[in-house]
Each structure stands twice: as C-alpha cells, then as structure tokens.
C-alpha cells in the first residue's frame, strides 16, 4: 500500500488541471535536468522519526520526503498532518508507504525504527530483536537506493550501525550512526551554562560509545579559541577533576531525565539529526562526533567496530576522522569503550 502526496489530477478521467491552468511561454526550454533533486527517507514515524521529519521540513533540507512505517493508519495520519501544513513550509513532496519502494532514489535514509524493551527483558534480547527488525529494513533500503547514505538513529546506535553496515554491503563511509552528536550538544550546553557564554562558542566533544562508557575529551575543550584546561593551569586557577566528571555524568543522565519527565526524547534528537543531514547533503564539510567505522583509529584494534569520533562529513558521507591529540588517559578510556561495544557485538554472533 502506498500513500502518495497530492495530485494535479481532478475530476472524471483524472483531468490534469496543471496543463490547463498554466500556459507555457513561447520559445521556452524544458526544465534543466542538471538541478539536483534531494530526497530523504525516514523509517519509523514514532516520536523521534516525526521530530526528525518535521525539522527536515522546516529547515528546507529536501525536495522530497518519504516516510515508512509498519503501521499504515498512523503512517497515513502523520503524512496528512505534515501535508496540511504545506502553506507554512518550504515546498516539499511528502509521500508515505509501508512498502520500501517509496524510498527509491533516496540520497539519505534515516532509520529510527526500533523495538521497545519489555518488562524484565535483557539488553541482549532487546538488541537481538532490533537486529531482526533491521534485517527487514536495511536490505530493501540498500536495494532501492544503492548510492544513498545510511544514517542510523535507533539504539543502541553503535551496535546497530555496525549491523546496518553488514546488512547493506555499503562502504563504511556511507554508513553513519547519530552517535554522540547530541551528547556533545548537551555537553556544550552544560559548559556554556557554567561559564555563561553562548554554546556555539564552545568547542567540546563526547566520543566513544553512545552510552555509559562515553568519553569526555576535556583536554580539547576550547571557548572562543582558548583551550580551557591549559588556560586554567597557566593562570594557576584550581579546579577539581570531580567537577569535570560531574558535568560528564550529567550529560549521560540527561536523556534519562527527559524520558522520566515526558516519557521519551524527540526534539533535541530531531535537531541533531537534521543538523547531520544538512552537513551531509549540502556538503558542508563540518566536524561532527558521530558513530563511524573506527578500527585502526586511536589504537582501536580489536575487530570491526563503530563508535563516535569527530568526523569530517560531506556529500560522500564520512570524508575522514579528525586527528585530535588525546591524552593517554583519554585514549585508554576510548579503547575501553570500544572493547565494551565489541564484547556485546561478539555475543550477537553477527
């Protein structure tokens, strides 16, 4: 079943009013075929998927948006709700279907679908159910859009990005997880809040697993171009390491706090993913901490693994990973984060 956007055909026999309503000018040429048509597909129209879709529309990131979900009634309702806002949004064709053929020719495929944890269910069992779910999602996406970039948002994102890479057969630069892009935004906000500056002037990264073993790169933090820790040392300003750890813990706990308060997270991840979509499709060449193929980087060498590192993103996907100078302690924590992911990955036997 496919649910398309609005049509120009009305009346008996499907009269095409567009042909009657507009008269072509004389000596004109057909529309140029060189103008790039940008298409984004979003799989999963839950709270996260729709926050992403809505942000993509308001930021005018695509000419066409395709939605896919296993629940046809909710899917059609969400499509219509977005279409009814057409007068207030940039012009975007919106379509929806339970059939993955609707995603054909996508430049970017964003996967948000995921199973929810049942009461008493282990993380490993939940992960296995999500792997089974991805086995029905990734192959048809890859079939219909073989040149697209896959952006995985479903959790646990690092493991599911690895699974998506294996299922798709895509080169590693075209499979990305949303990773710690949002964690790093939360990190920047908390630092900015402590120092009463604009978060956009704070350069700070959370890397590694999107989870409890994530690593805050304190040694690389700068504000307005000033390295924070080295500045404090030069000015002989004392600070407690525990204070830094508390800020990092607050980053890790912040998503849980939102979930406890409102039941789910949506808006921040919506803006985060739209920000990644802009960098990728507009070839912005920006640096984002996202989940990438990390084997061989920063001494990570225990197997094929995806985790977050500051990555250079553009139209080709991951263009490279920033060669940041880390302290020995940060490198060790990053390797342990990789080992944690690999341990679970090996239990999957995938």
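Glycine is no exception: its Cβ is also placed from the backbone N, Cα and C atoms.
The feature active site, proton acceptor is assigned by TrEMBL to 210. Around the Cβ of residue 210 (active site, proton acceptor), a 10 Å sphere holds 30 further Cβ atoms from the protein chains shown.
Per TrEMBL, the feature NAD(+) binding site maps to 44, 45, 46, 47, 48, 49, 69, 130, 153, 154, 155. Shown in sequence order, 48, 52, 110, 111, 112, 177, 178, 269, 273 are the residues of the chain, 6+ apart in sequence, with a C-beta less than 8 angstroms from the C-beta of residue 153 (NAD(+) binding site).
Taken from TrEMBL, the feature domain 'Lactate/malate dehydrogenase N-terminal' covers 38-177. Helix, strand and coil residue tallies for the domain 'Lactate/malate dehydrogenase N-terminal' (38-177), in that order: 68 helix, 26 strand, 46 coil [DSSP].
Along the domain 'Lactate/malate dehydrogenase C-terminal' (180-344), the predicted structure has mean pLDDT 91. What TrEMBL records for 180-344 is domain 'Lactate/malate dehydrogenase C-terminal'.
When the alpha carbons of residue 46 (NAD(+) binding site) and residue 210 (active site, proton acceptor) are compared, the span between them is 21 angstrom. On its own chain, residue 44 (NAD(+) binding site) has 68, 69, 111, 112, 113, 114, 154 as residues at least 6 apart in sequence with a Cβ closer than 8 Å to its own Cβ. Within the same chain, the residues at least 6 positions away from residue 155 (NAD(+) binding site) whose Cβ sits under 8 Å from its Cβ are 114, 210, listed in sequence order.
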